[in-house]
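Trainee: Please see the structure below; I have some questions.
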Amino acid sequence: MCVFFSRYRGLILVLTFLCYTTFHLSRKPISIVKSELHYNCSSRGPNPHNESNSTTWCDWKPFDQDNYKELFGALDNAFLVAYAIGMYISGVFGERLPLRYYLSGGMLLSGLFTALFGLGYYWNIHELWYFVLVQVLNGLAQTTGWPSVVTCVGNWFGKGKRGFIMGIWNSHTSVGNILGSLIAGAWVSNAWGLSFIVPGIIIASMGVICFLFLIEYPEDVDCSPPLHHVSFASPFHPHGHRTPCVLSVWGLCFLQKLLLLTANGFFSLSLSLLCRELWSFSFCLLFAKLVSYTFLYWLPLYIVNAGDMSTLFDVGGIVGGILAGLISDYTGGRGTTCCTMLILAVPMVSFPIAHFQLQRQQVMLIICGALVNGPYALITTAVSADLGTHECLQGNAKALATVTAIIDGTGSVGAALGPLLAGVISRTGWDNVFYMLMAADLLACLVSFLLQSIQHQFLF
């Protein structure tokens, strides 16, 4: 173990924290700017150009139409669908390319595409295809981030207190959302283009810093790698026992033989697909991200008149991620922690439906953020790192990027579905949107439990 090992680990934690903070910082402006792209113009007085009382004169075309919610949904899903699809591919590249080049290059591209969205304001662009295309390209570029930072942290930290450490580290998600809201909100009323350009410059600048200072492996600075324990506590057996790979009646036995005959580059992926915890947690994350991203993209629009109240959800997320990691380390049950928090989140999600006083809604919003984002943080960090060093992978440590990408890619399908469903369901009333989110929280636990039960029955 080298003399400066602790300092190097501290550097990696801080650097990757700041890197992914800027990723989320650059994703947040779209949710803030929505209220400006389609505004109730009657509150701003008569149209200064023709003295009419039109309610759309101040809107940004093409979002001045009655179907503006569907158009916003198209923007959200352009990014999220591209992100979900790209994530499955990103992990494979993340295993084979130097993380420093891969991550910093992705950050530079993300900065470019984020800024291009804002430049549409100054270039006076009113074509939907332009904004959709930029969102697609940005979604693909941002897939470089998560597999890279989780792999890098996983390279430096053993299992030990990984849940607690990564719970604190994963607060970058909420910190980025909060900073993104504040930065975008500073210009949204006067020149919303800067709400994108400034975050774009920030993430690109951080990409340069990442290129200069990121250390991928302890071996790169003559340090010994940490010890990774291969035994893993499954969601419903928290005290840990040897967890076998699963070959179900759905042909996975044949699939394993087939995949093992493929090129060595896909070896880790073929083995990853056979671990039951991988898909159990992946589908749990699908529903958890559905809830989280619906709040991320639609909450600022829902409570547009409540100032920065939407950031309370992210404040709760910081606390929830730390608590989830601490509890799962203490109990040894990652899945049990996730399911318990998601079930407790169900009544908290109903805070708008209950029509409580503002102060009580604020408290419930913080608790809701903690209970929803806690499992989300735990699965995408500690669970991904645990599975990346699972015995099914037979010591192939580089598979961590692929495992992380599979889990987050599956979760991102839910992230794409959530805002889309919210845009459609909101036409029937906002209360129905929150009923949908409550159902998603319950389904996260139910689907995970069913997958475990089915795979146990058909275990060879």
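For all residues, glycine too, the Cβ spot is worked out from N, Cα and C.
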Trainee: Among 8-30, 399-421, indicate the range for which TrEMBL gives the feature transmembrane segment.
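Mentor: Here TrEMBL associates transmembrane segment with the stretch 399-421.
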Trainee: Tell me if the transmembrane segment (101-123) touches the transmembrane segment (194-215). I count contact as 3 or more CB pairs below 8 A, with pairs 6 or more residues apart.
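Mentor: They do touch: at least three Cβ pairs between the two stretches lie under 8 Å.
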Trainee: Tell me whether the transmembrane segment (169-188) sits in contact with the transmembrane segment (399-421), defined here as at least 3 Cβ pairs under 8 Å among residues 6 or more apart in sequence.
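Mentor: Counting Cβ pairs under 8 Å, fewer than 3, so no.
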Trainee: How about long-range neighbours of the transmembrane segment (279-299): same chain, 6 or more residues beyond its ends, C-beta under 8 Å?
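Mentor: Those are 27-28, 30-31, 76, 80, 177, 235, 310, 313, 317, 334-335, 338-339, 342, 345, 349, 369, 372-373, 375-376, 379-380, 383, 387, 406-408, 410-419, 421-423, 426, 433, 437, 440-441, 443-445, 447-448, 451-452, 455, in sequence order.
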